[in-house]
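A.B. asks: Have a look at this one before I ask anything.
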């Protein structure tokens, strides 16, 4: 028999779905599930598809259905529990966070890790909340327009309902806080003075005090829970909203990568704090009102003196906090600059090492850090004063009130005095809440402004139209396009455009923004009046000098520029190969497939036509070999061919190829043109930008660009007949080819097809081979477990200045607590003296009414001591804040500088295996924790812990039994805390480590915007971002919840001490004075909240020390390369004078786990010789340069320069004597002058002089494929310059174009890491079977 049952489970959108399962006697039928595994790539998603026979039913509840279910006091455990236990929690479980208990127990059993932690609730995840934020923003824009739309109002609407609940809980907390000192404590004191009272009444009063304190604890804890969960939701919504907007732009001209990273690291946290701390203003207002009313009923009108003190403090706090926030904004600007420079330095580390720029860039970053530290100290001082104000302000307010009250000769009894003090304790929290709220709201205001400026801008109009004529693939009519809008404004170059295209096309990006004097100017368009028609299936060749607008033309077709006039039309889907290949972390296969289904036959064909077979055979795991960040473990040619293979595999209709043959040698280039462009892409429309003019004659149509205009257009034969600029270029190329063509060219045969088929067969077998290791190159980030070791604290103390300095800071904190407790004791002693006339009192001084203190003849003495104590407290508090701020910022700066110096001195192998996102996480996220959060929580922890100890000492004076019980409960609480704080550490560590992949994903997305859009992977990258940000938010929410879980339970346990003290006061027969009992009861009310706060801030302090642990971990990982200067050895004066280079049996590999790349190199390069180095991709040409600069140390053998072993001298001594023009073009953000003189050491005239002289001072110059991406004419000019300007220098020229090295003195031919040939060009030409001859023949012969 089958029974129909209804089971509701959450779906991905946050609603509920009826599973509709049929339960039979012996089986369950219903839905089947198909699960896809979560991959690492940005386009792979974890999906669970519900294949239901009918449509899923959604219950007719509104948007509050989940909240309404939470309002059920006790919810039974469902048969099909939600993945996140929070979604199944009832009201009691939610208020007490009991839903978290299973996870806390798991941590105690050492079973808690990222695999056992449940995912983020669908109600807190990005998907649901970003949709809601989108809807609220669109409603706001529709009401007020895009310019006047307020993000702040959207924030309020986003959390409106939850703010109401938060306000109600705040009122409940305030009422519960004043009930004890106002109503219950006076009754307990009154009961204690009665000789024979009702025992039930006494016990009832004590338990009433206990329950009121528990209600206070639960209500405040729940208020924090609501605020934190709301803030997590808004954080998820804003970050996803911002990334969606960011990735929708095809080119970034309004934000730099540094600003984007800064937004996702800092501004997102500011918005989080605004939502989390902003509602505390409501609690502060409620506490002010309720405290004023209760105080008035206790003491009368003089109570308003104390209230006035607080009222005067609040505006002062607001003013000072706003000043601190302004300083923090200045700090953020410097931080952004430091992070940007750090990111660029880490990205360009190879170039910096070759130029020996380590010291100057270290100085730049340390100077920025020094400037940042000064600003941080201003902000930190305010924050530290806020912490100290927790103790100073209530004491000052109390002192002013008592001095005024006694000066007016008004009666003051012990009961009313300490009841008043207990009531004012409520306002002590407001002293903390107000600056927190003001800071959170002010910071969020500035973050909102940047959010609106960067991410809420309207996208540029997409001007590319779809052509109606199916015979046309591409049409541009009178198209004038520019990278800038016609209106002036802040314009920043896009990171990918800069690197991939426009840097090579002569477009430079301002360092940060347009200078003020430039704002009125607008640059002219890059493309003028372009008229172009490309029919379907045609191959269009685009040529022109460097900077003529070739790459800009492709960008115009992609829709990345601003169309000023005319039209651009495209028919069909696009594929794009940028000039600088965009590579994502992952395997080669993942980079080629780009998320498309794997078609084995097509895949193998693509590998063959893109000439990747041989490379995959050489790689350790074939096409499953992991590519490092930005393709660090691949040559430039390999990266370019993978990028081309991605485009070919995508099977699009229109292919935009931006000089794809520039990074490959002539043989591979010829193969790619014939097998890929001519055969595989036959029938497709191809726009080929190239400087390899020999391929243009095979194009159906050719355009020649000059200064952004089409100066010639037609077929190859038509343009040759015109005898214009194009004909001149071709004739010049043929003359060069004829001059080097050999008679025996025809004898050279290519590799037989059988070999190619054998390669394909072996590759096919490798594709079906064994499993591949999960982490081949980039190792998974190691995460420490358990409590922090003392080593972390030791290193932090040493960085702060040592143990003596730390002891001084601690001593000042002890003084703060001493003066605070002394004020209570002195007031107790003063009240005990009463009128001072009952001098004959004996030990019966427990009388509740010893007289009016205003009548005491020594009143002025008591007042003076009380006032002096308050003044001393203020002075000590200010000094403590100043010293603590200096010390903590010194510690974080010392750790930063030490880590940066160690990372900077690491060899290149370190940067090959460590993603830059991880290092940036240390220098951005972790450092921000050490700068901003750790000082706050560590100071609060130390001061609160001292206060707990002081309170325990005070109440222990009532009776040794109180001390025994208090100590027992404290030990139990400590054990309880130690049992469960491991979970807090696990959640915090996971939250810290989850940032690195998020940063890497953002950077990777910024670098590949064009490719992401062209291949339609925008949604995949957004989904990957949401998964990463949800993971981080999940760990953050669990971290915050776990601290509250522990704190609430500790506070309730500590309330037992309050109960014990109350019972002892009510029923004890101690000889302790009445005033001391009243003081003890008043103080003990602070114990529970103070102890839980100390425990919570202690846990958060340890959690934030994880940032220091991570930095120390990376310091430990850093193994320094050879020293910059060798002690005891020095270079001969004027070395090297001749520039003779000798390799002696030289062997080299990049890392221990990688194959050898140079095998037994033996050669001598004579003084003042120009040597051309050629060979196919991966032959070891660039590795020779790495060896010469000692970027990699040798396995065996040595290199001599003028007879000096380069391993016997310091790296700076070596590299400073060499010069390099690197293979990868690298430009730092800034002007051309900044790139020429990054350290601002010279005037313009000196720079011009240096351009003429600098390279002449170098005896050895390495040119690593520097002319690969420029036209033939410019290449010829550069070669002439090399011959003329570098006379007297030893010049090594690594080139793919064999024709560029034909005029060299000798040619070095490399193959498989070995020297195959090394002789003069004319000798090699005559050598039978010469590989150089084959390369020349391939370069000068036309494709078939």
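Each Cβ is built from the backbone N, Cα and C atoms, and glycine gets one as well.
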A.B. asks: Match it up for me: which of 119-144, 327-352, 353-378, 379-404 does TrEMBL list as transmembrane segment?
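C.D. replies: That would be 379-404, the stretch labelled transmembrane segment in TrEMBL.
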A.B. asks: With TrEMBL as the source, which of 759-779, 843-863, 864-884 is set down as transmembrane segment?
C.D. replies: 864-884
A.B. asks: When you look at the transmembrane segment (379-404) alongside the transmembrane segment (270-290), do they share 3+ Cβ pairs under 8 Å, ignoring any pair fewer than 6 residues apart in sequence?
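C.D. replies: Judged by the Cβ rule, the two regions do not touch, with the required three close pairs absent.
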A.B. asks: Among 164-189, 201-226, 296-316, 379-404, 1046-1067, point out the range having the most Cβ pairs under 8 angstroms from the transmembrane segment (800-827).
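C.D. replies: So the stretch in question is 379-404.
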A.B. asks: Is the transmembrane segment (379-404) in contact with the transmembrane segment (416-438), using three or more Cβ pairs under 8 angstroms as the rule and ignoring pairs under 6 apart in sequence?
C.D. replies: yes
A.B. asks: With Cβ distances under 8 Å as the criterion, find the stretch in 379-404, 961-980, 1046-1067 that has the most pairs with the transmembrane segment (933-955).
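C.D. replies: Counting Cβ pairs under 8 Å, the winner is 379-404.
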A.B. asks: May I ask for the residues of the chain that lie six or more residues beyond the transmembrane segment (961-980) and have a Cβ under 8 Å from a Cβ within it?
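C.D. replies: Same-chain residues near the transmembrane segment (961-980) but 6 or more away: 104, 107-108, 948, 952, 955, 1042, 1045-1046, 1049-1050, 1053-1054, 1056-1057, 1060-1061, 1064, 1091, 1095, 1098-1099.
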